[in-house]
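This report concerns only the one structure given below.
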Amino acid sequence: MNKTAIALLALLASSASLAATPWQKITQPVPGSAQSIGSFSNGCIVGADTLPIQSEHYQVMRTDQRRYFGHPDLVMFIQRLSSQVSNLGMGTVLIGDMGMPAGGRFNGGHASHQTGLDVDIFLQLPKTRWTSAQLLRPQALDLVSRDGKHVVSTLWKPEIFSLIKLAAQDKDVTRIFVNPAIKQQLCLDAGTDRDWLRKVRPWFQHRAHMHVRLRCPADSLECEDQPLPPPGDGCGAELQSWFAPPKPGTTKPEKKTPSPLPPSCQALLDEHVI
């Protein structure tokens with residue numbers, strides 16, 4: 001499937017999530033041992049943790065949206081990464097969307113983030129902590145040129161390279177989605193230490209943030225992991241294909257009906273949503 005068709009499918013998936021979703025009616029985590037259920041784009045979570053809003057190492061954006069819930073492994077990853085960044089004097093980590101209290105489908109903006117194992121992190125590390133007003137209405141820093149072929153050299157910083165590398169080297173991380181131009185710059189800057197690049201995957205948009213995804217926890221027996229990324233650093237023909245013009249004759253795919261929820265997620269909705 002060519003990139004244009006993939007883009008249209010991604011847009012349709014995101015558009016489908018614009019419809020009202022019952023998951024928003026669940027305002028607190030569902031009690032129980034932490035269990036990520038289903039797939040990243042069709043699932044839910046029991047026993048989610050709340051990311052502490054107050055931290056000396058990170059700040060949480062758009063707290064009014066209440067998207068700061070996730071599996072305990074995700075909360076620990078954020079705390080681990082932000083502590084590393086702070087210890088290196090790189091700045092404050094800016095945390096975007098995680099998931100809703102019980103996971104599930106958003107009403108817009110995301111097709112995934114449903115099992116408590118995804119988090120968006122801004123690709124900027126302010127040295128001065130943001131004000132409450134800045135956090136509620138964050139200004140994203142677009143690192144990619146208008147033509148989408150490279151990063152903006154005046155905005156690309158070694159600290160951003162290090163932030164992505166630190167996240168990719170974490171044992172629990174399986175994928176990090178960034179814009180193809182950002183992946184390309186990482187490939188140029190990486191030197192001989194390149195194993196971590198395998199986890200960094202080019203994807204549409206993602207011009208100002210990285211989307212980090214963790215592996216399914218071992219004790220979440222109903223969690224569906226993705227296959228591992230292809231071997232290698234992903235800096236060759238696959239990456240370059242993202243910069244090729246779309247093939248003529250690309251047709252818009254038919255709108256897909258959302259897949260049925262995993263039975264455990266449907267049961268959760270039936271119990272907790274009137």
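Cβ coordinates are placed from backbone N, Cα and C, and glycine is handled just like the others.
The signal peptide annotation in Swiss-Prot covers 1-19. Under the heading disulfide bond, Swiss-Prot lists CYS44-CYS265, CYS187-CYS235, CYS216-CYS223. Under the heading Zn(2+) 1 binding site, Swiss-Prot lists HIS110, HIS113, ASP120, HIS211. As annotated by Swiss-Prot, Zn(2+) 2 binding site applies to ASP147, HIS150. As annotated by Swiss-Prot, region 'Disordered' applies to 228-264.
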Task: HIS110 (Zn(2+) 1 binding site) and CYS187 (disulfide bond), distance between Cα atoms, whole Å - done: 27
Open item on the list: So if I measure Cβ to Cβ from CYS216 (disulfide bond) and keep only same-chain residues at least 6 apart in sequence, which ones fall under 8 Å?
Closed with: SER36, LEU117, CYS223, GLU224, ASP225
Task: Residue, out of the disulfide-bonded residues CYS44, CYS187, CYS223, CYS235, CYS265, whose Cβ gathers the largest set of other Cβ atoms within 10 Å - done: CYS44
Open item on the list: If you count CB neighbours within 10 Å, which one among the binding-site residues ASP120, ASP147 has the smallest count?
Closed with: ASP147
Open item on the list: Cα-Cα, whole number of Å: HIS150 (Zn(2+) 2 binding site) versus CYS235 (disulfide bond)?
Closed with: 14
Open item on the list: Tell me the coarse DSSP state (helix, strand, coil) of CYS187 (disulfide bond).
Closed with: helix
Task: Within the region 'Disordered' (228-264), residues counted as helix, strand or coil by DSSP - done: 7 helix, 0 strand, 30 coil
Task: C-alpha spacing of CYS235 (disulfide bond) relative to HIS211 (Zn(2+) 1 binding site), in angstrom - done: 19
TODO: To the nearest whole angstrom, state the Cα distance for the pair HIS110 (Zn(2+) 1 binding site) and CYS44 (disulfide bond).
DONE: 14
TODO: Would you pick out, from the binding-site residues HIS110, HIS113, HIS211, the residue whose Cβ has the largest number of other Cβ atoms within 10 Å?
DONE: HIS113
TODO: Spatially speaking, which of the recorded positions CYS44, ASP120, CYS235 is closest to ASP147 (Zn(2+) 2 binding site)? Use C-alpha to C-alpha, please.
DONE: CYS235
Task: Around the Cβ of HIS150 (Zn(2+) 2 binding site), the count of other Cβ atoms that are within 10 Å - done: 17
Task: Alpha-carbon distance [CYS44 (disulfide bond); HIS113 (Zn(2+) 1 binding site)] in Å - done: 9
